[in-house]
Structures are given as C-alpha cells and as structure tokens.
Amino acid sequence: MSNIHYIKGNILKGRTYKRIIIHSCNANGAWGGGIAYQLAVKHPKAEEVYVDLCERFGQKLLGKCVVIPSYSDDDVLIGCLFTSIFGGASHGSGTSIVDYTDKALSHFDELLAKEQSKSDNANLDKEIEKLLKLKSGVLKDYKLEMPKINSGIFGVPWPETEEVLKKYDRSMNFTVYEL
C-alpha cells in the first residue's frame, strides 16, 4: 500500500482537522511564487518567521525541515522543506533539489519521532524546537499534506520527488493535492 494518496482540490481550503501543509522552499527568504506565495498571502506572520530564519541561518537551512505555526489557524502548521538556496530562475539543479528534499524529509521524520532537532548547528536546533513548542498537540497527530512539491518553479519532474516520498512509507503518509 502506498504512503501517497492523491486528491483533487485546493490545499489552502479550510479543513476541520490538524494538518501540516508541506512545501519546498529556498533559503533566501523569498516566498515569491507558487504555493509559497499563496501561503505568504494567507499566513503573513508565518512568512515573517520564515524570512527571519533565512536571514539568520541562510544556506545552513538546506536539507532541513522547519515547522512554522500558521498564526492564523490553530489547526494548520507549515512544513518548510529547504531544498534550494535561491528561488525563481536561480534555483539549484533538479538533482540537488531532490537530494535536499530527501535530507529535509529525513530531518522531518526525526522531528515527527522526537519533536526535537539534531544538526550541526545548535542555534538552528533551538529555533526549530522553539517553533515546535508553539503548536497545539503532538506533531504525529497532524495529517501531512502537500502540492506536487518541486514540480512547479523548481522544475523537477514529479516522479523524481514521488520516489523520495515513497522512501518514507514506514513513517509518513502524504496527501498530495492536484489541481
């Protein structure tokens, strides 16, 4: 049985359950396009937190997952998979984005299991853990939802990212929204 379930619909539409909206993003502090832009419009305080993290930690965020409260809906967290240094036309190669997606999902898997971060940067770990304390409930109680990450602005063919998601079939189940 697959750990990926596809549905058609708008990922940003309100739901009656706890969920983490996962997206891939750059470490340059720009939620300027795609789902990231839509998240910024809907959850501006979350974007402020993201920008602050990027300004303070930059490329040290690559391959990490940071879970940010939406600040506008207690049932929504935003899972940022840092897969590229820059966004837009300056993003990394498809291979590096897929590799960083795998690393970020591995980091996310650790967060789900322990609700704490372990990396080579103690200050970044403290920030990640501080943000985790702002949520209500346990991370494992949240459904994991995403668009077809990496396939928009980053230009990675969806099957490449899909293969990475399948690697986490023992610990994570994803609902992927298609338009």
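Yeah, the Cβs are placed from backbone N, Cα and C, and that goes for glycine too.
What Swiss-Prot says about this protein:
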| type | residues | note |
| --- | --- | --- |
| DOMAIN | 1-179 | domain 'Macro' |
| BINDING | 9-11, 24-26, 31-36, 149-155 | substrate binding site |
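The 10 Å shell around the Cβ of S24 (substrate binding site) contains 30 further Cβ atoms across the protein chains shown.
Taking a C-beta cut-off of under 8 angstroms and a sequence separation of 6 or more, W31 (substrate binding site) has the following same-chain neighbours: C25, Y37, L39, A40, E47, Y50. In this structure, G34 (substrate binding site) is part of a helix by DSSP. Under 8 Å, Cβ to Cβ, and six or more positions away along its own chain, G34 (substrate binding site) finds H23, P147, G152, I153. The binding-site residues G9, G152, G155 differ in how many other CB atoms lie within 10 Å of their CB, and the one with the most is G152.
Around I149 (substrate binding site), a 10 Å sphere centred on its CB holds 27 further CB atoms from the protein chains shown.
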